[in-house]
Amino acid sequence: MESFHTEVVDSHFIPSLRKPKAQILWIGCSDSGWAETRTLDLLPEEIIVHRSPGDLVSNNDLSTLSTLEYALGILQVTHIVICGHYNCRLVNTHTDSSPLCEWLSDVNAIYNAHKPELDSLPSSTARDRRLVELHVWAQTQVLLARPDIIKAQAERGLQVHGFVYDDAKDECVDLVAGGSCKLTRGIMSLL
């Protein structure tokens, strides 16, 4: 199973074209109260932003599916970023018994699959941060399994990134595949 580690995202991680053409689909959390897209040195016109509760990529959500179709088929974006954020109230309400819990059922499955590991972390803050990272990683894997994403990768080199925004540091970290950490145990079985 592939693992990941985090690295700080440089402001030039995705180089600006300096043209008003969308090159990035940014899928963020509707709970995010800040413009984490500003961590990249890009023109506003270079990014199309889609937000959903918990930055969830659902194959049952018409809004997400329509946004993906528009970004891939019409705009021909070259990057998709799924960006969660630490201290996400939505991801961390995964155990509530509410309609939102149904929407975020994947988060609950990730939590349950990693419960021993999460419970062994020294604080609730550390557990919450790790759960956000695991959730974003799982969402990138959902995207990477989609036929339209696979096709765009083969035809034009589309890249999919998993970022987590850290408001305290005003920076994003990139969840980099192939890291030495053992955080993804069980995620692929959830997809």
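Note: Cβ is positioned from N, Cα and C throughout, glycine not excepted.
What TrEMBL lists as Zn(2+) binding site is Cys29, Asp31, His85, Cys88. Counted within 10 Å of its Cβ, the other Cβ atoms near Asp31 (Zn(2+) binding site) come to 19, all protein chains included.
Other residues of the chain with a Cβ within 8 Å of the Cβ centroid of Cys29, Asp31, His85, Cys88, the Zn(2+) site, are Gly28, Ser30, Ser32, Gly54, Asp55, Gly84, Asn87, Arg89, Leu90, Val91, Val132.
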